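*Asks:* According to TrEMBL, the feature region 'Disordered' maps to 1-25, 88-111. Residues or ranges marked as compositional bias 'Basic residues' in TrEMBL: 1-10. The domain 'DEAD-box RNA helicase Q' annotation in TrEMBL covers 181-209. Annotation source TrEMBL lists motif 'Q motif' at 181-209. The feature domain 'Helicase ATP-binding' is assigned by TrEMBL to 212-397. According to TrEMBL, the feature domain 'Helicase C-terminal' maps to 408-568.
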Amino acid sequence: MDSIKRRRPRSPSPAIYKLDDEDGSYEPYVPIAQRRQEKLARLSSLGVNGEKLNVKKLQEELDEREDAQREEEIRREKARKERTLLLEAQEVHSRKAAEDSKKTANEKAEEADAEILEAIKSRRKLASDMELAKGIQYMEPLKTSWRPPRYIRERKPEEDNRLREKYHILVEGDDIPPPIEHFSDMKIPEPIVEHLRSKRIVNPTPIQLQGIPVAFSGRDIIGIAFTGSGKTLAFCLPLIMMALEEEMKLPFIRGEGPVGIILCPSRELANQTYENVVTWCAALAKDAKYPPLNALLCIGGISMNDQSHVLSKGLHIVVATPGRLIDMLEKKRFTFNNCKYLCMDEADRMIDLGFEDDVRTIMSFFKNQRQTLLFSATMPKKIQDFARESLIKPVLVNVGRAGAANLDVLQVVEYVKQEAKMVYLLECLQKTPPPVIIFSENKNEVDDIQEYLLLKGVEAVAIHGSKSQEERQYAIKSFKSGAKDVMVASGVASKGLDFNDIQHVIIFSMPKEIEDYVHQIGRTGRSGKTGIATTFVNMNTSEQTLLDLKYLLIEAGQKVPPFLSTIDDPRAAQGNSLTGCPVCGGLGHGISNCPKLEDAQRRQMASHRTVDAEGGY
Ligand SMILES: Nc1ncnc2c1ncn2[C@@H]1O[C@H](COP(=O)(O)OP(=O)(O)OP(=O)(O)O)[C@@H](O)[C@H]1O
């Protein structure tokens, strides 16, 4: 009985059965009585006298030996199985590694892109923290009293579409207001139309003929059109009209207003837009029928006390850079209690990671529903999608591909060795008469170029983020007035600045982001005139930037120099899709190599509430 208790079961466990069964080594069960008989027979065959020996003891010894044998078999079997599993795991692993290495060729990049896009998607909505906290979500656009003339209202939708096709305007959104081909049909006050005519602004440009009716209707808008195509008028005029209507209903007194704000990424651009607003308001007020409208320039680097006379009256329009505007709002120099118009010029720049939080803070000062307008020449798909989520029934008005170069600019790309650049620059300046702008990414280089040109007797001014506000203003003023022939500039002057008839833009050092290039060459070829842009590249220019440039030249139907055409797109070799980067709009790379993403991450790490190097604050 004892021995039976200690003995291990001879018959294998069901699990082992199963395994044995699987590989065909199944042993049939032998009853205990039969086994005892067999054992005794074996003992007697060995010549052992069963009566003399303690049979029970012998039997136990034999059982133990058999048990040990059986255990050894099970152990070996287990080891064999484990080894097989290990081998299998190794095989799976190496199969996966092989698949992964195959993926590099086609899917890996897309997988990585999807991951980055997912991360970008998780960015918070652009709505202010206050709106988000209160859970406020406006569903309907702002109501305005403006209506298109009856004959346009009665036009068939197909006719509207025909007009859009004629002007290469793409639209997206619900209930899109009709395009209007003439200023006179937009119900703009006659003194303004008259003033525009005096400036040879007779017919609206495509972005204006669709953008203005959309904005006049109170709709949120994303307006994308190439550099120099008249976006400023498209977003200033609706604000002037809104302010006019409010003022005429009930005149503003001290402490009231503004009705709306225009946000710009640089002081110079804000200043230029402010001057436009003031000119158009003054043109309006020339007719005694219309009241004067007050505008305030709110930028870093200037004393706000100089404008105290504006603050002592009712305030209609504020043109600002984000930092100074937040400062003024926090100090309660004015409020947004009645503000219902927020426009962002160069909006992609405003809402990319650098200014995103500032924009949110500004939005949190609004007390009521607002109309939001975003305009730019470059607006990568991801920024469009992100912005769209934060707008109310927005209308997208797109003239040409977002980020495409202005076709009125002749783009010349030249290979110039680093050490030869300065000398070649002088030669290059002979291509056209002045005025000429030279762009460099590096502030020290801007200073060096100006110094060199001055030494060579060229009347040159320089502007970059480290110059004082006076120096910057002097540079812009003297260049605009024609007193100086050449302006050497860092990126600060590249976005939105509208100089008279620039003949030639020279890009001394190619920017990493192709969007910056598009803005820089866009300082020429404005308002229907043509211009030249010469860009120096060399081995310091990254291959990816060169690829972006190559595709942009091809898209614009420009000549591609041999050293650019020989650069192959690695994505093509890997069989990857050649669609443009959704983050920066560059056509020569995917999202995983986006230079803007790197920059954005860098900027996010730096505290952007400190003085903006480009002078935004
Ligand atoms: N309808 C028009 N007809 C002719 N010229 C116009 C018209 N509208 C604006 N302009 C002129 O075109 C020039 C460029 O306009 P604006 O500065 O608004 O361009 P933009 O689209 O904002 O360019 P950017 O993207 O570089 O900021 C200005 O000098 C402006 O006076």
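Just so you know, glycine gets a Cβ as well, placed from its N, Cα and C.
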*Asks:* Who are the long-range neighbours of the domain 'DEAD-box RNA helicase Q' (181-209) in its own chain, taking Cβ under 8 Å and residues 6 or more past its ends?
*Replies:* 146, 148-149, 152, 163, 167-169, 216, 223, 225, 229-231, 233-234, 237, 240-241, 244, 279-280, 283-287, 290, 397, 399, 527
*Asks:* Could you put numbers on the helix, strand and coil content of the domain 'DEAD-box RNA helicase Q' (181-209), residue by residue per DSSP?
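*Replies:* Final tally across the stretch: 17 helix, 0 strand, 12 coil.
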*Asks:* For the domain 'Helicase ATP-binding' (212-397), what's the model's average pLDDT?
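*Replies:* Taking every residue of the domain 'Helicase ATP-binding' (212-397) together, the mean pLDDT is 91.
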